[in-house]
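Enquirer: Shown below is the structure under consideration.
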Amino acid sequence: MTLTPSRRASASRWLRQARAVLALGAAVIGGSVAAAPWTLTGSLGTHDPNIYKTSTTWWIFETTDNNGIGVKYSSDGHAWKQGVPIFGSGLSWWQQYVAAGKPAQVWAPGCGEWGSMGYCYYAVSSFGSQKSAIGLTTSAGGIAAGKWVDQGAVVTSAPGDTFNAIDPALARTTGGSPYLVYGSFWNGIFIRPVSSTTLKPSGTPVNIARDNVNGIENGFVISHATNGTTWYYLFASKNACCQGANSTYRIVVGRSSSITGPYVDKAGVAMMSGGGTVLASSGSRFKGPGGQSLLADGSVIAWHAYDAQNNGAPVLFINNVTWGSDGWPQPVW
């Protein structure tokens with residue numbers, strides 16, 4: 001049995017509502033108190049934030065409604081400015097993955113630098129559809145150079161496939177080999193090796209997480225060592241996004257000794273069987289935390305949540321990650 005999304009509504013109407021300056025203090029979520037999110041100011045309306053840090057700049061890449069990859073930047077990770085989107089207008093090949101007469105929207109980018117090359121994976125699709133594609137654009141000289149050249153679709157899906165080609169993110173082994181993580185609902189999250197030169201897929205995909213009851217998507221994999229032992233951690237979002245204050249998203253995690261799994265949660269439940277230790281869930285004001293990403297060293301996590309006091313607008317959150325002596329990340333919210 002596979003789970004398909006009944007609705008994955010556009011985030012655009014909430015993004016337009018969430019441009020106000022917010023100062024966020026300690027949060028009480030799910031009945032427990034977690035470390036306070038960072039105090040953030042500036043351009044904080046976001047959906048599916050992908051956080052990345054270069055030597056001088058913090059970056060957020062995000063879902064947009066304007067035919068490009070949304071970009072925010074900051075000198076300190078706290079005060080955020082809206083940058084110029086990557087692309088800014090739709091590419092011709094996108095239209096085959098979009099419902100007739102509808103503008104292309106770019107979802108959930110996964111961006112960073114690979115050596116001296118900037119890269120952004122991104123998804124183009126229609127809501128609730130498996131007619132989807134993951135594209136790749138690269139920038140010689142890195143992110144700041146802004147020399148983005150689209151490489152076209154690198155993964156596609158069609159009705160009847162076991163996966164949906166959205167929610168891409170790059171992962172790497174401790175030995176430096178790159179992998180692409182992707183997938184949403186249906187049979188869940190997959191991982192496959194990619195070329196270390198082109199970052200295009202070069203191997204067979206492996207299914208690493210599935211939830212036939214709640215749905216799972218937005219996989220993000222990092223490695224982290226505790227007490228001399230290194231594990232791979234799969235962070236993911238479960239349940240329903242994109243419904244404003246009615247969203248039920250939550251952030252979960254599992255780990256494995258291998259980047260290709262099997263991943264299990266803290267209770268030992270396999271993520272292929274619906275497992276996942278909860279790191280963040282809805283509170284009284286901010287609902288549906290998800291769309292998460294982390295710095296490669298596991299020190300910082302970014303995500304969005306929907307503000308029930310502002311028409312369900314999605315807002316950026318950033319938090320330090322505390323790792324326990326048992327090697328598990330502690331709840332972030």
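Every residue, even glycine, has its Cβ placed from backbone N, Cα and C.
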Enquirer: From G83, G88, G128, grab the residue that TrEMBL records in the same substrate site as D48, N164, A165, I166, D167, S184, F185, W186.
Expert: G128
Enquirer: If you measure S184 (substrate binding site) to E217 (active site, proton donor) at Cα, how many Å is it?
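Expert: Counting only the Cα atoms, the answer is 4 Å.
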